[in-house]
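Worksheet: the structure to be examined is printed underneath.
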């Protein structure tokens, strides 16, 4: 009995000893023997007729697979350990290689002949492509290492918990049967695999900085070599182009001889010159594409590293106002336009060009024209045809190479776009909840005065940004548009109001009223509101390339003035709101006064806020820009409070029986509370959060106003149609009464008026069911 109990324990101890020995040395015979034993047991279990044979085979096979995974983890861990051990030697060697690197001397290609140059160019291109591939591998490895920094330790922590659980399960296993031994072997193999995996992750995290540093040095060295190879290719290509041009020029000089003068020869010579120019331009495009490809890959690597840095800082909760402001600046620096459409068009054009070159190579040229030439001219024509063929062949080959580089650029651009999209989502998910400015204090106020004074002095006195003497054409344009705005203003006073009064006369008339008059009045109202916004818009577009901050400020001014002028024209006594929508005159006048007051205050504040937000100095964004933003938020809160105070004049009681409901009051208080909340957030340092809240509120309210205007247009259309239907019904009933009266009394005069019991139809009491349906 004691022997039967002791044997499984002894076997288990032996297996554990073997696994520990195998874990200590990956390539020992004990490890190989253990895997072979597992595999042989699995094969033997498959051959037996035992009912548990399949289960035993499955367990032993899984154990062998786990041991193979253990071997892979140990192999990778040994590589990481080798990096750590060799880093003190490898790093100085790599740094010395970069520091002592000397560019190889470029051969004197000008002394080479054209055929030798033509043979050397593919080899140089192939070497450059190999360097590009090596650089891509190094950059991808850097990106992978950067993305894994910090993740290995987290994964190892979770695996340690799993390893502890597996060890507990292994300790609880017992039994002397074949199935129990197989389960025990599987559990031991899993423990060994998890231990090797944890060890690998620990070494991966420990060697990450060393591996990243080595890759950076390799990238620097490869970049130097690649730059030299590009310079060599450029010199070789320039020499080849010069030789080719010289040969073509020599051929052209020969064609000046009277014996070589022929229209066909001139045509061939001009074609060769054109193909040579295209080949030179194509080579320049290839060099530019390779440079752009390296730039895109480098940007992708930089944004990947920054994404890893942001994730670690957010994960470790190392956030502050400085971190939030840096995050906002980097968010503004994210690429927006990846020019996919232009890249695809370039690829399609390159494919078309290659097809045309191949077709010209296959086509037979000059068979009929050659018969009309002399023997001397035929020799010259054959030289030109050979030159043409060589140029077309080189154009086809280089175009194919250009297509490959463009495809690589498209793939790299797609990777960059994916990286930027992930980083944008990450930043947007956290920036809203992170402060990006210091709270207001007395020090902030004193810094605000000094920084604002220095900023104004720099822009107005020292800089040339606002000096009109440096922009004479811009000054002339401003004066011209100001005169145009004055002319439109005069026309508005003397023509617009009269035209609106004429369009308001048919309103309420059953036979003449139409929605067309309302649409015409709306278009005229908006047209007269465009000159001043057009002035801001034109100036903003002109300054878009040279002064982007001033450009966006002018564009925001265009939006503000457009809203104010549109509201002003709509609120005339002859405007749409009173004449067509039948709003109360007192409410419309109050709305006009409040919007005018807001426009005079908010439009300059918005322009200054936008302008300061796009400045490079953090002190201006956090100081003057935040001050104008807080003033704007306070002004909007007061504006909505005044609207709520006079809400009965503006919204309610426009129709009989329409009263305020609880959710109306809730919407008004939300409109007042949001700017106030933005003001408080800006004061406490959550500047970006305050900007987003205020911006979203204003966009939502503008959309709500637009929908409300569409509602009133639809309401007016329904009233007009209902009135026409009621008028037609009354007219038909009157005709029916006349016909009945004539039938009863034939002597009655048809022209005599027949009293009707139909009451006049009032606009305010027509069919509320249609209006309810529209709501």
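Every residue, even glycine, has its Cβ placed from backbone N, Cα and C.
Annotated features in TrEMBL:
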- 56-83: coiled coil (COILED)
- 149-176: coiled coil (COILED)
- 200-234: coiled coil (COILED)
- 43-255: domain 'Mechanosensitive ion channel MscS porin' (DOMAIN)
- 476-775: domain 'Mechanosensitive ion channel inner membrane' (DOMAIN)
- 1-26: signal peptide (SIGNAL)
- 473-491: transmembrane segment (TRANSMEM)
- 521-543: transmembrane segment (TRANSMEM)
- 549-570: transmembrane segment (TRANSMEM)
- 591-611: transmembrane segment (TRANSMEM)
- 623-640: transmembrane segment (TRANSMEM)
- 666-688: transmembrane segment (TRANSMEM)
- 694-714: transmembrane segment (TRANSMEM)
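Residues of the same chain lying 6 or more positions beyond the ends of the transmembrane segment (591-611) and with a Cβ under 8 Å from any Cβ of it are 549-550, 552-554, 556-557, 560-561, 563-564, 567-568, 571, 624-625, 628-629, 631-632, 635-636, 639, 642-643, 646, 650. Beyond the transmembrane segment (694-714), the same-chain residues lying 6 or more positions past its ends with a Cβ under 8 Å from any Cβ of the stretch are 515, 518, 563, 581, 629, 632-633, 636, 671, 674-675, 678, 774-775. Under 8 Å from some Cβ of the transmembrane segment (623-640) lie the Cβ atoms of residues 437, 444, 447-448, 451-452, 455, 594, 597-598, 601-602, 605-606, 608-609, 611-613, 615, 668, 671-672, 675-676, 678-679, 682-683, 687, 690-691, 694, 698, all in the same chain and six or more residues away from its ends.
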